Amino acid sequence: TGFRDFNKYQNKNIKSPVDCLLTTAGLPLFLVDICLDVLAAVEFYKEGSYPSLGVLLVLLIGSSVLVQLYSWLWYSYDHFDMKTRVEESAKPGLAVLHWVQLGIYVRCVQSSSRASGSVAFLNQDLSMLRIIETFSESAPQILITPLVLLHHHRHCTVGSLSAVAYCVTTYHRCLRSFLPGKEEQSVLSSLVFFTWNLLLLAARIVALALFASVFPCFIFTHFVCSWLLFCYFAWWADTDFMDSVGGEWLYRATVGLIWYFDWFNVVDGKTRNRAILYHAWILLDIFVLCGLWFWKMSWDPPGFELSRLQAAIVWGAVVAGYASGLVLRIVYYTCFHPKLNKVELMGGNAKTQSDEVDSPPDDDGGVRPPLRNKRMKKLAENFYSSSADGAEV
C-alpha cells in the first residue's frame with residue numbers, strides 16, 4: 001500500500017471534476033486501507049492468532065516483492081532509459097533500491113516531476129502497478145480477517161472494498177487517455193463504473209470470506225485450484241504483455257490471481273463470450289460457496305450464531321449483489337462504453353500519445369522524441385477495441 005498516496009493523477013493536464021473528485025477520495029481510502037492493515041495485525045496479535053498474522057505479513061511482503069519485480073522488469077524492457085533527473089540520479093543504485101523494496105518510490109517521486117510527458121508515462125505504469133498491488137494484497141487480506149473482526153469493524157471492511165473498486169476505476173480512467181480526442185468520462189459514467197465494480201468485488205470477496213470463516217483450510221485449496229485454472233486460461237489466451245518469456249509467465253500468473261477476484265481483459269478481439277463464461281463461473285462459485293457456508297452455519301456454527309433465516313438472507317443478498325453488479329455492467333457497456341474498432345483506437349492512440357506525453361526539452365534545448373507507453377497501449381487496445389461482430393467486453 002506504500003505508494004498509493006503518491007499516484008493521485010498528479011498530471012497537471014488533468015482538469016476534469018471527476019479526476020479532482022477521485023484525487024480527493026484517494027487519500028481517505030488509502031488511509032482506511034492502512035488502518036485496516038494495522039487493525040488486523042493488532043487484532044491477530046491480541047487474539048494470539050499467529051498463523052493469521054503470519055499470512056498477513058506474507059501478503060504484505062509478497063505483494064511488495066511482486067510490484068518491485070514488475071517495476072524492475074519494466075525498467076529493463078525500456079533499456080534503463082531514464083526519463084527524469086530523479087531517475088538519472090537514482091540509476092546507479094536502482095537495483096539496490098528495488099532489492100530493499102524502495103524502487104517503486106523512485107517512480108512515485110518522478111510522477112511529481114514538472115515534465116508533463118514523463119508524468120503521463122509514469123502515471124500510466126503506476127496505475128497498472130496499483131492494480132497488481134491491490135489484487136495481491138488488499139483483496140486477499142479481507143479473506144484472512146476473521147468474521148468476528150468483520151462484524152465489529154464493518155466500516156473498515158466497506159472502506160477496504162471501496163479502495164479496491166476505486167483502484168479499478170482510476171485504472172480505467174487512465175486507459176481513457178489513449179482514446180482519440182482524449183474523451184472525458186462523465187460523472188455518471190464514472191459512478192456507474194465504480195458501482196458495478198464495487199458490487200461485483202464485494203459479492204465475490206464476501207462470499208470467499210464467508211466460506212473461509214467456516215472452512216479456513218479449504219479456502220487455500222479453493223484458491224490454488226482456481227488460480228491454476230485461471231493461469232491455464234491466461235496461457236490459452238496467448239497473452240502478449242511483457243517483453244520476455246519469463247516476464248510473460250509472471251504476468252499470466254498475476255492475471256490468474258486477478259481473475260480469482262475480478263475480470264481483467266488481457267487480449268483484444270471477440271472477448272464477450274470469455275467474459276460471459278467467466279462471470280457465469282464466478283456466479284456459480286459464489287452460489288456454491290455461500291451455500292456451503294449456510295449449511296455449516298445451520299448445523300455447526302462457529303463462535304456466534306445466526307438463525308437459518310438470517311443465514312439464508314445473507315446467502316441470497318450476496319448472490320443478488322453479484323447479479324446486480326452484472327446488470328449495471330451491461331448498462332455501462334450499453335450506454336457509456338466508447339465503441340471503437342482497433343484501427344480507430346490505434347490511429348487515435350498514436351496521436352493521443354504524441355499530444356499527451358511529448359517529452360519536455362532537454363537541458364541543451366533539444367526536444368526528446370514522444371514518450372509512448374506501449375504496455376498501457378496494449379491494455380487500452382484490449383479494453384476499448386470492438387470485436388469483429390461489434391461486441392464490446
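Glycine is treated like the rest: Cβ placed from N, Cα and C.
In TrEMBL, annotation is done automatically, which means it is predicted and not curated.
Marked as transmembrane segment by TrEMBL: 21-42 (among others).
Annotation source TrEMBL lists transmembrane segment at 54-75 (among others). Panel annotation: around the transmembrane segment (54-75), residues 2-3, 37, 40-41, 44, 94-95, 98, 101, 103-104, 107, 125, 128-129, 132-133, 136-137, 140-141, 144, 242, 244, 247, 250, 254, 375 of the same chain, lying at least six beyond its termini, place a Cβ under 8 Å from a Cβ of the stretch.
Tertiary proximity for the transmembrane segment (218-237) is limited to same-chain residues at least six positions away from its ends with a CB under 8 Å from its CB atoms, namely 143, 208, 211-212, 251-253, 255-257, 259-260, 266-267, 274, 285, 289. The annotation transmembrane segment is assigned in TrEMBL to 218-237 (among others).
Look at TrEMBL and you will find 249-267 (among others) tagged as transmembrane segment.
Here TrEMBL flags 276-295 (among others) as transmembrane segment.
Using a Cβ-Cβ cut-off under 8 Å and counting only residues 6 or more beyond its ends in the same chain, the transmembrane segment (307-332) has close neighbours at 189, 192-193, 195-200, 202-204, 206-207, 210, 279, 282-283, 286-287, 290-291, 293-294, 297-298. For 307-332 (among others), the entry in TrEMBL reads transmembrane segment.
The feature region 'Disordered' is assigned by TrEMBL to 351-377.
Marked as compositional bias 'Acidic residues' by TrEMBL: 355-364.
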